Amino acid sequence: MFITEKQVWMDEIVARRASSSWDFPFNDINIHQHHHRHCNTSHEFEILKSPLGDVAVHEEESNNNNPNFSNSESGKKETTDSGQSWSSSSSKPSVLGRGHWRPAEDVKLKELVSIYGPQNWNLIAEKLQGRSGKSCRLRWFNQLDPRINRRAFTEEEEERLMQAHRLYGNKWAMIARLFPGRTDNSVKNHWHVVMARKYREHSSAYRRRKLMSNNPLKPHLTNNHHPNPNPNYHSFISTNHYFAQPFPEFNLTHHLVNNAPITSDHNQLVLPFHCFQGYENNEPPMVVSMFGNQMMVGDNVGATSDALCNIPHIDPSNQEKPEPNDAMHWIGMDAVDEEVFEKAKQQPHFFDFLGLGTA
């Protein structure tokens, strides 16, 4: 009879199970020793086809032949919600509650502490279902103890807290002994609050925001910001615009006709609004360039290094009769005469600042 390789392999598995040996069945020695054996019955082949082999079949047969076997015994092991199996209900551990304490639990804990005292925590935990002795102890000393001081920390307490932390470090239980009525948790939390406050105060962003909130920028100045005894000065402020000085490094000083200085808290440059209205009425443009503390207007460049034209108040409706503003002259240089002003009205030289040429 021809013996196939599959029959030899199945016969080897049956032999190894019968001898309770766990040697690898495909060793060449074992195969040659049992090559003459083969499956004699179809029952052996069915056993080999089952995933558990003949063990599962024999267990099923023994259970069916046992009259005392019942389905209730098969459920002897029970599985809890946590996935753990217990052989009997008597060996199940008590399920401990986790999470926030409920008001009913706090009331029950206060009653038990009043009966057993704040030291028998294991006994109290047996009476309070779902909580351990440690959980009851921490809840009492950190939240429910009537001796807890819940008032805000004073400056003196904060100073002592910082000194104690420099001495003891993060030993909060030891530090809490220096503060009667304060728990170690409250001491630790308030230390972190103080450190966060100090960090915010020393940060540059905090100082910058505080400075801006205390001194907000104002778009227009009032007479109170520029005290000056000259009466013409206030009239000039009411009819002119103010522009912030874009180049504070020039340090231009402002003077009136009578050399009365103008004081400014914000270091601003006063410019008459009608100074540049010549562009609107096709008048000769005035090119003004600034080099250091010098200003060049028209042809008046280099003759007097600190000269500046006296710009009058020009009415757009009457360009032929300009009325000079005697209250104020341009600032930072000496006053110039009428001849300089006439030169300023002439066609000035073109200054090619961008290098684009005349085209």
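Glycine is treated like the rest: Cβ placed from N, Cα and C.
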Ranges 121-143, 236-258, 259-281: which does Swiss-Prot label DNA-binding region?
121-143
In terms of Cβ proximity under 8 Å, which residues at least six beyond the ends of the DNA-binding region (172-195) contact it?
141-142, 147-149, 153, 157-158, 160-162, 164-165
